[in-house]
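So that you can see what the record holds, here are the features copied from TrEMBL:
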- 220-230: compositional bias 'Polar residues' (COMPBIAS)
- 231-248: compositional bias 'Low complexity' (COMPBIAS)
- 62-120: domain 'CTLH' (DOMAIN)
- 220-250: region 'Disordered' (REGION)
- 440-483: repeat 'WD' (REPEAT)
- 913-954: repeat 'WD' (REPEAT)
Amino acid sequence: MYGLFKLYFQLELAKFDLIRDKQGRCGEMSALSRDLVLLISQFLDEEGLNETARILERESGYYFNMKFFEEMISSGDWDEAEKYLSCFTKLDDNRYSTKIYFEIRKQKFLEALDKKDRTKALYILMKDLKAFGPDNEELLKEMTLLLTLNDIRDHESLSMYSDAESARKVMRVELKKIIEANPLLHGKLEFPNIPNPDIRTLFVDHICVPIPSDVHLFSSSSDNNPVPSQTTSMLVSTSSDSNSTLSSEPHSSISNEAFFSLGGPSNIAIIAEASEDGTSVHYNSIPENGIEILKRPSDEEIAECMQEIPAASQPDQSSVDIYDYLPKTVLRILNEGSSPTSMEFHPEKQTVLLVGTAVGDIRLWEVSSGESLLSRNFKVWDIAACSMMFKATLLKDPGVSVNRVAWSPEGCFFGVAYSKHIVQIYSYNDANGVQQQLEIDAHVGGVNDLAFSASEKQLLVITCGDDKTVKAWDVTSGVKMYTFEGHDAPVYSLRPHSKGSVNVRVTLDSTVTCGGDVDSSSWLYDNLGARVDYDAPGLGCTSLAYSGDERLFSCGTSKSGESFLAEWDDSEGSLKRTYLGLQKSSPGVVQFDIMKNQVLAAGDEHVIKIWDMNKVELFTTIDAEGGLPANPCVRFNKVGTLLAVSANDNKIKILAKDGGLQSLHTSENCSDDASRVLSDTFMKLVIEPISTVACAGVADKAVTKVGLVMTLEITLKFGNENPENLEAVKSKITGKTTRLNNGKLIEINSPSQCQILRLSSHVKADKISRLIYNNVGNSILALTSNATHLYWKWPQNDFDSSDKATAKVSPQLWQPRSSSGLMTNDLTGSSPDKTVPCFALSNNDSYLMSASGGKISLYNLLKFKKMLSIMQPPPAATCIAFLPQDNNILAIGREDSTILIYNVRSAKVVTILDGHFKRVSGLAFSKDLNVLVSSGADAQIFVWNVEGWDKQRSRFLHTPDCRITFSTSLDSDIQFHQNQTDFLAVHETCLSIYDARNLECVKQWIAGDYGAPISHATFSCDGQMVYTSFEDGLVSIFDASDFQLYCQINPTAYLSPTSSLGVYPLAIAAHPQEPDQFAVGLKDGGVIIFEPPISAGKWSMLTADENGIASKIPAESKANY
């Protein structure tokens, strides 16, 4: 009853307030009515009267319930969503509102088409979408053409459209960003925290403060505009001259392409709000006592408000603080061998500086000590892989300079852009851990800039150059992911930028060629063209930079020598402010940098010029004790404590604030002391236990300095009281997490601890490239690197009265008498070191398709003879798979990145699947899902629908970036689980299990930083285990449910003492019916069968002694070599 009485009283109070408001007795009363309406809305929600609350929201227009709106989008209630939206904004109110309505109606149209309801789709097109026709005729024509398609995904822009639910999820996120950017909805998106109203304030004599007619009253500098509050009493003010460049139509410069497209919703960046007359509105927050401040102001207060207070009279404490924190004192001078052209501090190690020079050299400096950590002269790593044009250019003029050096966001990589064609990427751990990662012949002419960007769980390096293009490359594979074209002149500068969770934005600037113009463009990673175009001031070479608070700045110099420093609205491409103080006739291009979202610094007129980024006037200059060139290169470290500036005579001066470098020394010394204090304990707790659990016969690699640091971090984090931490340390270093049995890792070190059988062969065989059991499990087939097939069959035995493969009985190397010679693949035109052997067995075990770099051969296994050869390379086949439903249909992955679907019976190519960038390395069919999954050397995974062979989805393989080096192979193999839903992806750095229905990585095991690469892996036939071999000879048996180890087989258990060094398994195969049997093919041509000891019966049932060594088995069951 109290709640109803309170509601009734508040309604009456609101009615009284509204009557007084209508009578004009006090304009400020409307704020009270707003608060009461919101309180009533809150009360209705609390009482479960949601529908009534929504009606109140619509009719009052005070609060836009984003959660309710998103629920309507998710459920596809398009009419109700429009009805709710229309109470706050109309279709033609502004471009943001128009965009929201368009996206709703477009999705409504696409879903109708996807359901094959063309009648409804036509109705939506003619009734709802026709409103957007006048300005988007071409788009409506394309939408009309969709009516003629059987599947909307056949349209290029909709090829990645999955289903309505997924599209709505993406749409919901994008619409939220557009709504937040819509100025008509500002202040209505968050429910305010409103105090309970005090009735007594209704009876206070209220006096309305008149709004002065003088537009300059209550003026304040726009350089320090406060953030608008959501519960406010309004004070209107004009902006200062620095905002006079804002357009009176703040949305007009945004192109239609940024708002209307056939694909997914475009990213709409939030723009600054401005009124139509160019003035801005400022707000002052109401204190916590809220409505009680609505009392008659004193005469003195009114008189004070009516006075114009000059901004110059206000003390500017921020400027004083900025000056105190500027690095002004020269504390170190570094001597370079040639003139520095680009510098960059490490993003994490604040005293490590990367420098590129005019002769192509790079150097790493530790500026705290002045020590040169690393120096590399320019050298092409692989000249054979470079273009003929680059070779000719280098032959004509071997001189190369560094245009740009840059670090990746985490500091694990750095890149160097050179003045001729190429970009070189290095991996970085410390000064002793710098390795060549990637060399790219990126552009024709100079590479003017590069930057790293994380996009869709990838690390990309983005480059721009004299060929007027911008390109994005995968750092791990070197694959070119995107090419952005459209500039009319060489591209001079670029900056990646991310807003929220949307696509990464790449902001670019291009330079002038002779007679050309300069412009800037904003692109998204969707290959749909530039979103926003800028006209850079001065039409000259311009560089760009984002501050940490997402403000965009540019600095450039025109051909006449006039320099410009400016801030931009990156959503609209409009100029916010231009800074004063740069010279009008610069001999070179002015370079600049940003310090901690406060300061802009530019090298000009032999000094460093400093601006408070919120003020256009020059703040101060720093001469760095003289000796600077006309346009020095300047660079702050991330925290702003150090400033590097290039000086004359090939020098670099390091500037710091007073005591800045000393504080760095102090922190470093503290770290060193801590390391020394912990060193003895660390050696006892970490290194000794690791050495005691080393695998017998395989010595652990020495724990390096890096390994000590990693282990020390784990020890410090988890403490030393728990012995399980030692296993965690070993896991971190070796990557081989262990399942403990009574606290011990089970290891097999000798042939007496399990059943092992080496298959005999009178044929001299090279390394085993491929290995497979037949489907009934009574024979095993191997393909050697010299293109020969070896085929062993088991006779019926006395152990189980069957002919199944077993380690207890030796099979026979089989060859019918009617056939002469072995089955050997065609090698014409193949290169042994580049050939990727592959084969596949038909479901009825009668036919084998095989290739070793030459033609693909079809063999009849019953007659042991070749039936035919098809497809003369190039391109060569790299993997083969039979369609489970039809032995006549093959999928053939090829060297040129394509997949052929081939009908053997009709000898015709059914279709060609395109999607990979590099060779296809793995193929697997799922009969239940009716899909084909492919993997490639481009680290991509694709899912193809067997009915029609359409691409369903794709993603990049999850690989640990820290393990990918310049020499790492990106080939991966795949195999479906018994459930036909999950599949295993095998890469030399990791094992991953994916759900083929959505390509989500379900679980993953990563080889440790010092563990050997994985050579191969496979599921057991029941899908409970994963058998894995490594290049150090280890064979590990994992639990497939969590990638924990059952046991570990060391090479001493299966290699004879006379085996050559470097022998390890290249291929591994699981028995199709016996879960605990598997075979490996070795690098020396041997094939070995493994089974657990008879006493255990299963690998998971092994027992170990106190040292973790597996128990021995009876002598009669020992290995047969």
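Glycine residues also receive a Cβ, built from the backbone N, Cα and C atoms like all the rest.
Packing against the repeat 'WD' (913-954) from elsewhere in the chain are residues 153, 159, 162, 474, 476-477, 479-480, 836, 878-885, 891, 893-901, 969-976, 979-981, 983, 985, 987, 994, 996-999: each is 6 or more residues past its ends and has a CB under 8 Å from a CB in it.
Mapped onto DSSP helix, strand and coil, the domain 'CTLH' (62-120) counts 42 helix, 0 strand, 17 coil.
Secondary structure by DSSP for the repeat 'WD' (440-483): 0 helix, 28 strand, 16 coil. Within the model, the repeat 'WD' (440-483) shows a mean pLDDT value of 87, rounded to a whole number.
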